[in-house]
Ligand SMILES: Nc1ncnc2c1ncn2[C@@H]1O[C@H](COP(=O)(O)OP(=O)(O)OP(=O)(O)O)[C@@H](O)[C@H]1O
Ligand SMILES: Nc1nc2c(ncn2[C@@H]2O[C@H](COP(=O)(O)O)[C@@H](O)[C@H]2O)c(=O)[nH]1
């Protein structure tokens, strides 16, 4: 029987650099994870593409996905819905591939309840002032939205103790290396390697 892949969840407050770290990890040729594209009711930012960055949905279409049980998790975050289409995640894990979710903290909690065997990594900022500086510098949010995201961030930071690992995003390259090393270590810890060796020894 095919061994299942590992569900990797990268979460943390808005502006900490989850998207930046994820994109850097996925730009590296040795990365073997599959990225799960989320659905959202947020309007696309400049340069964002439907089906690549998100599946952009109307509120009605998103609520239909909720009713039809098509989401592994979802959350309403600062006025918009965000959610993970469940079929892609299940199918890809069943194929033995690791799936990478980049989601906010409420959604990560829901995934933890459904997939306790997942690997949960919290990306933390060097400081709250640096977090605010990153959201402001990104220039994608109005002043009100920045306030909303900073308020949510204080609550989200308190959740970090529920995660398997906390990775500080001081420098993007270092944060990526830490995340990738954790995944490698986790595969070893979960006896995948031992299992393969056992099989090999049985054959010999
Ligand atoms: N290590 C870092 N040092 C300095 N700036 C960074 C670092 N990581 C990310 N940034 C910058 O911080 C801003 C926010 O990053 P990003 O959009 O990746 O955050 P996010 O956590 O995905 O945010 P959101 O949850 O709102 O989508 C971007 O302008 C990005 O270039
Ligand atoms: N619970 C979920 N959160 C998600 C998902 N996809 C993205 N996100 C998170 O939402 C916020 C805001 O994102 P932005 O693109 O508007 O800046 C951020 O923390 C994302 O990580 C999801 O499927 N479920």
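Keep in mind that glycine also has a Cβ here, set from the backbone N, Cα and C atoms.
Just so you know, TrEMBL annotations never went through curation; they're auto-generated.
Quick look at what TrEMBL annotates:
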DOMAIN    5-184  domain 'Guanylate kinase-like'
BINDING   12, 13, 14, 15, 16, 17, 18, 19  ATP binding site
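Recorded features from TrEMBL, shown on the structure.
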| residue | record | CB count, 10 Å |
| --- | --- | --- |
| 12 | ATP binding site | 29 |
| 13 | ATP binding site | 27 |
| 14 | ATP binding site | 23 |
| 15 | ATP binding site | 24 |
| 16 | ATP binding site | 27 |
| 17 | ATP binding site | 23 |
| 18 | ATP binding site | 21 |
| 19 | ATP binding site | 14 |
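Close contacts with ligand 2, defined as a Cβ under 6 Å from any of its atoms, occur at 14, 18 among the binding-site residues 12, 13, 14, 15, 17, 18. In the predicted model, the domain 'Guanylate kinase-like' (5-184) has a mean pLDDT of 95. Excluding 12, 13, 14, 15, 16, 17, 18, 19 themselves, the residues of that chain whose CB lies within 8 A of the CB mean position for the ATP site are, in sequence, 123, 125, 131, 134, 169.
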